[in-house]
Structures are given as structure tokens and as C-alpha cells.
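Q: Shown below is the structure under consideration.
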Amino acid sequence: MPKRKDIQKIMVIGSGPIIIGQAAEFDYAGTQACLALKEEGYKVILVNSNPATIMTDKEIADKVYIEPLTLEFVNRIIRKERPDAILPTLGGQTGLNMAMALSKAGILDDLEIELLGTKLSAIDQAEDRDLFKQLMQELDQPIPESTIVKTVDEAVTFARDIGYPVIVRPAFTLGGTGGGICSSEEELCEITENGLKLSPVTQCLIERSIAGFKEIEYEVMRDSADNALVVCNMENFDPVGIHTGDSIVFAPTQTLSDIENQMLRDASLKIIRALKIEGGCNVQLALDPYSFKYYVIEVNPRVSRSSALASKATGYPIAKLAAKIAVGLTLDEMINPITGTTYAMFEPALDYVVAKIPRFPFDKFEHGERQLGTQMKATGEVMAIGRNLEESLLKACRSLEIGVCHNEMTSLSNISDEELVTKVIKAQDDRLFYLSEAIRRGYSIEELESLTKIDLFFLDKLLHIVEIEQELQMHVDHLESLKKAKRYGFSDQKIAEIWQKDESDIRAMRHSHSLYPVYKMVDTCAAEFDAKTPYFYSTYELENESVQSNKESILVLGSGPIRIGQGVEFDYATVHSVKAIQKAGYEAIIMNSNPETVSTDFSVSDKLYFEPLTFEDVMNVIDLEQPKGVIVQFGGQTAINLAQALSEAGVTILGTQVEDLDRAEDRDLFEKALKELGIPQPQGQTATNEEEALEAAKKIGFPVLVRPSYVLGGRAMEIVENKEDLIEYIRTAVKASPEHPILVDSYIFGKECEVDAISEGKSVLIPGIMEHIERAGVHSGDSMAVYPPQQLSKQIQETIAEYTKRLAIGLNCIGMMNVQFVIKNEQVYVIEVNPRASRTVPFLSKVTGIPMAQIATKLILGQTLKDLGYEDGLYPQSQLVHIKAPVFSFTKLAQVDSLLGPEMKSTGEVMGSDTSLEKALYKAFEANNSHLSEFGQIVFTIADDSKAEALSLARRFKAIGYQIMATQGTAAYFAEQGLSACLVGKIGDAANDIPTLVRHGHVQAIVNTVGIKRTADKDGQMIRSSAIEQGVPLFTALDTAKAMLTVLESRCFNIEAI
């Protein structure tokens, strides 16, 4: 069927900020979809609140709106643009929920706007637990016994009838939010109450638990002519009971017989046809390992995380084709872009194994609840491709960047057998490593299968890896053993460990016997047809399919999996760098391991290597491609950490040189450079042991800021107020980076701001200064940032620009640089310098219109700022005010304290832009879901050192009609100062303590600060947790509360009696 001519203008709804459960895969899907629709000649209007994405770049759509994804703002944009149709299926759960809201509000009918891709009825049938159950019964598809509840009592009654364990699944939520497995009535009451609150339709499904069944996923596509196909089938290593986003996944399925595969395939196609979905859809099924019995778990009637994985695993561009299907094209008339000859109707065939392992944030959140269940906790994921399961699994392990090069954690060798068995039974984020340790200790795979319900096939593969380790131990320097180990994915580093040699010795031995990896192409058709795509993975076989081109090439290193501190912003910079390399006439090669991102879309670069970002894997690609040089400054700390080893191996690092990277990272060298350049910094010293640290703190004076050197995202950074706390920090936290000393700095509580600069070593372009709303002490990634600055004098701004220029030239910066400053008593101090792209690059690029990563790349390749038409110094400011606000995922992470501090905790960001600060702030708060009522009750529970400042805020809240409530100490202080506050009870006073008031909806906001020492007491943490659980705005920094107050005051009228 030809594409539709009756629609011209299509609105695409993005997925908003990155949170756990909805990450960069939607940037990838949305970007593909917008470009596909433009390719077909439609006018595309995009709305999304996330500035860190490629999707929100001007050239991706005809018009891009970076506005809050709320009914209020989307409605305004629709009325302004009058699109003929809306495509909501590429914006994750956010997009679907927005489509439902627009429909319920009557806006779609009122303006005669059509929904493309998935009908509202299909969204309802797949997402509404009751309708889904009815549809499955009509189709004769088995689902676990279940009931829909609207109250906790209904849930309890059902569970008493069918027995425990049961699973709770709230309707219309994302990543299993609010759900869980319940083994007792107490757990059921707690989880159901929370689930009903989080479900926008106050509805939960309570179903019999089928934990222990195999979990299988089918990624299917259908068009308007009812053609349907399976793009990819995937099997979870972990059985049912763990969210698929938190499971290790293999594609294609590994343990199914042909009969089982056909049975589940038929079920999936039957379901997508019944739902009449036009586009992509994900079906999750549970299969009894001992019979042909199966259940349908759920259906996602949209592009999902699994579709991004399926796209990258097969090379089949699901989102691109889903967008074209939505406008009427059919699978049998679209060419598969990978082969360029076959049609999209061909089901992909795989002649390799793909492994996906989730990346969890528990290196950041040591106290987080690591137990995995039906609610997702991973922030990102890695993918690896190999010719056998062992190879793909081991490549994925070393892609995780958690300090392992193999499925082994050396620290586990010290734990007792008893603890080991407990960890194997309890599914936590690191269970793979405990399973492997158990096999090394001689536990049989049959024992492990009965404890974990993980299929024997997978456990046998782990056993095989251990057997190869043993073979290596017995045959040191044996060539055949080396060949075998390499064929099954062992790294040089692991082999070196076993043979007690250096990694370089193994590399030399391989080279002396011409043992190099070859690169195979991902071609969707198991080499049946010629493929046109330059998308490769390494393996140790005979035939190499990747040929070095005649053109000079440049290798760009990506940033690996998304984690807190290193998000999609670095992928944004990578993609822009590649564009600039191509424009300059070079071949651009990307190397990355993250299946969710735009950078690993094979159409972005001239060549894509889907490989771990380790020294060995990068060197193998360099040996083959012989690039002119490697660019490391866009891949976050991942790529920067490889620079030294690559440089020592004779590789040309383009841009800022390794010794200059070192000068910015190494404390003593940096201090020396600042002295030479005449730039002040907070007093500080380096310490390599406890004695030196105490000596330094004594000399500088408490409070001090302590942190390890060479870290990203404020990992293990703390503000310490006395000697005892400092000793405790050194003994517990410095594990973060053992080879490097710790830094002890004077802690200055002043205004923070940061600058991104671009230089070629002679002149420096400063696109803009971003002023932080929160004062020093809150990590820059968790602060709200304002551009242009609202409270910095012209003189301060000039000083900042001058220091930035001196730093860029003094540190021989070629490309990008980020500098953070703190200002106290009109004195500007430099806190830190990062000689690489930072997380603010996308935001600043969007608000200034300067394509920063592209310009930086052109400078790296030898052009000057003058050549590109830019002048030295600070770029003229924009007329609008722009706010970048952080977004957190605390609802997904039990036991992680939401108190903000020097360690980064946010997972994403949103942007608000308008003509005034108040309007921009309002948009930013709306976009990050901090919606505050115009009036109500606000609770203050404040540390002694900030009570005076909190008092003036409380007075202002009272003036606009809020009722002030406070805890005992705070209320007493307010009363002394003449402000009466309603006293709330101590934690445990069941009737009126804060958690109880919050639970019953009596509190509209909480302001809670702790002293500089920051030791969060149990009560404070309970208060903060209750706010997070119930979705009540929580402010742990007075500056954020002040910003919110500014918005409320600007929206209030003055009402006074005459």
C-alpha cells in the first residue's frame, strides 16, 4: 500500500528525561522515526523535554519543541501547529500515556487529529489489565490466574483464595514501577497500596506467581495489510520474576526446541494481529521448562528497550520501519536498509549469539536494595556479539566497566560457602559472578539449577568457562590452550592473570603466532545475501569481513553503558563528532558497546565496531584499521581512561595530549599549573594515607571536601567536618580508586557555576556561563543550572571568562574543556577542570545554537576558530532564559537516600526556556514532575546551620497562602522569631508524624536539610522516603525551594484588605 497522502504534518511525542526504565533507547527510536518520516516527505513536529538527546536537534525534525511533556504544554503546541496526526509509539510509556491523556481530554476529537501506529483501543487493551485479560481469553491464550483490584482489601481476598506468592502489576506504569512479588499478606498490602497510588488509573493486577518459568520475548512487526513477522526472539538467563530490563538476555533463544519456538512465535503473531498494531510490538511469555505449558505475561504495544536491543542484535531498524508502517507503507514494499536488496518482509536470521547485561547503579549507591524483582533498577546495558555464548557473555562482562575483565570478581574468593549459597539463591545485580564462583568451588550445576531455576544449558556454559580456566592453569604458554581461550571470549588480561604474566606478554605471544581476531558483519540474513552495512563484531575465526578502506580514517571511542554520572550526553557528543569527521572528508569509525544509543546505529558512522571499550579490544581495531588517530574526549571517563595506555602503545591521540590530560587530573601538576597561570583555587593537599590526610585537614581547617582523584560523577566524594569522620571516610570510602591518592580541599560554601570552552590552543570560544541554583556542596550534575547567569555581576563573568581562557591555553587544550568555579565574597575560585566534553554540552549547544562537539572536532582536525567564523572569548548571550533541571529515579531504588550532596544521583535532565526566569523555572519544574500546588501545607524540618535562612522562606510561603508545619526544633525556632507553625509529631507518633501525614495526602511539599556533616539520621531518611514514595515534592537544598517559591510568587495575586 503506498504511503498516505491525506496527512502532511505529523507530531512525534518524545519520551522525556532519562529515568530507570526509560533510557536512551527512545532517543535512538525517536531519531530514527523523525528522519524516516522526513525521508517520506512529511513535515515533522517533535515535542520532548530532554535537551540531552540527538532527537531534539534542530535538523532531526522540521520544528523541535523542547517543552514539558504535560497536557497543558502539549495541548498548546498542538493548537499552535495543528498537526494532522500524532505518532506516540516511539516515546515510551510517556508517549502512550500522553496520547491517552489527549484523547480523554477530548483534544484529539476536538481538533480531528488521528493517532498513528497503534489505535487507542490497542493501547487500552495492552495496558489496561482487565481488557488485556479479556482479549487473551478471547484468543485462547493462557495467562496466569489473576484479578484486577482497585483496593488493598480486594487484593488480600484474592491472594487468600489462590495462595502466595503473587505478583502485583500496576496498570499504565513503566519499568514495573510500583510492582513486586509478594510472599506474605504484609508485603501484599504494602506493595498494592503503593502500586495503586502510582497507577494513573488506580488499578493493579494481582496474579499467581509463575516465578521460575523461562522468560522469552518476541519482538514482532505488523503493517496495515496484516503482514506480520518476528524480528528477533530473545531468552532471559534469569527465570520469570526478574524484570526483563534487569535480566541478562541472549538472542536468539538458546534452549527452546523447534516446537516451543513455533508455539510461542504463533502466539506472538496472533496477539499483534488481534491488537491491530501497525508498527512494532514486544510480547513477553513464560514457558514451563518441563512441559509445553506457557503463559502470556505482557504486551508492550510500542517500541521498547527490547526493540532497541533487537534492532542492534539483528541490524533490522525497527523504529525506522515502524514509523513508515504508521504512514501506510507495508513490509513487502520497503527495502531492508542493511542488505539494500531484500525486503523488510524477510525475517532476520542470526549466525551469532548476542548477550545483553544490564548496568546497575549500585557502585554509586552502596546502601541501595540490590535484590532484583519485577521493578526495574538498571540504568543502562551493554551488548556483545560472539560466535558462541561464552564469547558473547565474556565480552559483555568486560564491557560493563565495573572493574572486571571476566565473569569473575576476585573479592568473592574470600566469602564463606554459606554466604555464597545465599547470594546465589537471592537474585541480586551481581548474581552471575556468585554463580561462577560457586562453580569454581565445585558446586554441581544440577545443585545450582535447583537453587536458582536457571536453565542447565546456561549453567553448563559457565562450567565450560571454568574448565577453560583450569586448562589454562595446567598448560602455561601453551598455544592451543591460548587459541581455545580466545575463541571462547577470554581477554588477554584474564589469560595473563592465570599465567601470572603481563597483558603485554599475551599480546606479544598472540602476535608472534599471527593470532588476531577477525571481524564479522551483522547482516540480518546469516550471510545468505550480500550486505551493505559496515557493522562488525570480533571473533577468533579465519575469514575477516572488515576491509580497511583507502580513505584516511579516524576512530571515535564511545562512552559505554549509561550509568549515573555518564549518561546520554556523551553519546550526543560522540555522534556530533562523527558528523564533523565525515564533513572533513575522513572515514569515521565508532567503537561502542551500548545497544540503546544513536551512536551504535549503523547508519551514523562509516563503520561501527560493536565491541567492549578495553585496551585490548580497541587496539585490535586500531591494528586492523590503522586510523590517522583516535578521539577520546567525547566518550566520558571511559574513553579518557584508555588514553594513557593507547598513547604508550604508539597510538596518536587527537586533541588534548595525554600529558595535558594528566595535568588537569593529577592534583600536584594541576596546582602547579594554576599557580603559574595566577588562578586561585580552594586550599588543598594530596594525601596517600590516613596520616597525611589528617595532617592536611589540620593545616587547611575543617570542613574539608575529600575525594579520590580520577573519578566521574562525584563518586565517593564527601564533605567532612571533623577528624573522626575523616578517619572513617579513609577507612571505608577510598576503595573507589586505590591506585590514586585522595584529595583534601577546603570546602567553600559559595555560588557555583560552570563553563564549557572550545579551543585550538591559541584562541578560546566560551559559548556560555551556566550559573547553578544550588550552592557548592551539591554535585553539578544534580544542580539546576541557569543560562545566561542571572545573579553574576559583569565583572565576575569577565573574570570567569579570563580564567577559562588562561586555563585552555595554559593546559594546551585542543577541543573541549569544562571548568567549574565557586564564588564567595566576589572572589572566583577554580574547583576543577575536565579537558573533555562534559554533560552540559547538549544543553549549551541547544540554547546557544553553537554545535559545540562539531566545532571541537574541527579544531582537533586542524582548523582554527577564526576559520570557522568564531571570535575569541565569551559568546553573546541569548535573549531567553534557559534552565537545565535534574531528574531522579528514586522511586525505583529502595533505600537510596534522596538527600543531595557531592555524589551525583540524577539519571537524566529536562529543560525549561522562556522570556523570564520565573517562566523558565515553572517549565523546568513541570517538566521534571515537581508540580507544586498553588496552596496547601508545607513541612519544614531544618538543620541548625540553615534555620535562619529557612525562616525567610517559610514567611514567603505563608504570604502566598501556604500553611506552615514544622518538626519540634524547627517549630520552636520559628516561634521565637514570631512565625507560628503547626507542630508535627516525632517519627513513630502514628497520628501526625510526617510519613503518616504524607500518606494521607495532608502535605503538599517538604523542605528537609541536614547539617554540613551530612550524616543522615534514620528519621530524616524515613521522611524523605515517604515523600518519594507518595510523589510529594521534596527539597533537600534551600536554593531549590527558593527557586520553586519564585515561581509560585510570580503566579500569585496580591490579596490584601484595604
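Backbone N, Cα and C atoms are what each Cβ position is placed from, and that goes for glycine too.
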Q: Considering the ATP 2 binding residues ARG707, SER746, ILE748, GLU752, GLY777, VAL778, HIS779, SER780, GLU832 given in Swiss-Prot, which of GLN795, GLN797, GLN820 is annotated for that site as well?
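A: Matched candidate out of GLN795, GLN797, GLN820, per Swiss-Prot for ATP 2 with ARG707, SER746, ILE748, GLU752, GLY777, VAL778, HIS779, SER780, GLU832: GLN820.
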Q: Let me know how many other Cβ atoms fall within 10 Å of the Cβ of ARG707 (ATP 2 binding site).
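A: Here the count is 24.
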Q: ARG129 (ATP 1 binding site) to ASN300 (Mg(2+) 2 binding site): how many Å between their Cα atoms?
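A: Cα of ARG129 (ATP 1 binding site) to Cα of ASN300 (Mg(2+) 2 binding site) measures 12 Å after rounding.
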Q: Just to verify a number: CA distance, ASN834 (Mn(2+) 4 binding site) to ARG707 (ATP 2 binding site), in angstrom, no decimals.
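A: Cα-Cα distance, ASN834 (Mn(2+) 4 binding site) to ARG707 (ATP 2 binding site): 15 Å.
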Q: Which whole number is the mean pLDDT over the region 'Oligomerization domain' (402-546)?
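A: Mean pLDDT across the region 'Oligomerization domain' (402-546) comes out at 95.
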Q: Rounded to the nearest Å, what's the C-alpha distance separating GLU832 (Mn(2+) 3 binding site) and GLN820 (ATP 2 binding site)? Just drop the number here, would you?
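A: The Cα atom of GLU832 (Mn(2+) 3 binding site) is 5 Å away from the Cα atom of GLN820 (ATP 2 binding site).
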Q: Given the binding-site residues ARG208, GLN284, GLN820, state which is nearest to GLU298 (Mg(2+) 1 binding site) when distance is taken between Cα atoms.
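A: Nearest listed residue in space: GLN284.
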Q: Have a look at the binding-site residues ILE242, GLN284, ASN300 and say which one has the shortest Cα distance to GLY777 (ATP 2 binding site).
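A: It is ILE242, whose Cα lies nearest.
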Q: Which whole-number value in Å describes the distance between the Cα atoms of ARG208 (ATP 1 binding site) and ASN300 (Mg(2+) 2 binding site)?
A: 20
Q: If I take the Cα of GLN820 (ATP 2 binding site) as reference, which of the binding-site residues GLU215, GLN284, ASN300 has the closest Cα?
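A: Considering only the listed binding-site residues, the nearest one is ASN300.
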Q: Between GLU215 (ATP 1 binding site) and HIS779 (ATP 2 binding site), how many Å separate their Cα atoms?
A: 39
Q: When you measure from the Cβ of ASN300 (Mg(2+) 2 binding site), which residues in the chain that are at least 6 apart have a Cβ under 8 Å away?
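A: Within the chain, ASN300 (Mg(2+) 2 binding site) has Cβ neighbours under 8 Å at ALA126, CYS281, ASN282, GLN284, SER306.
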Q: For ARG129 (ATP 1 binding site), which of the three DSSP-derived states applies: helix, strand, or coil?
A: helix
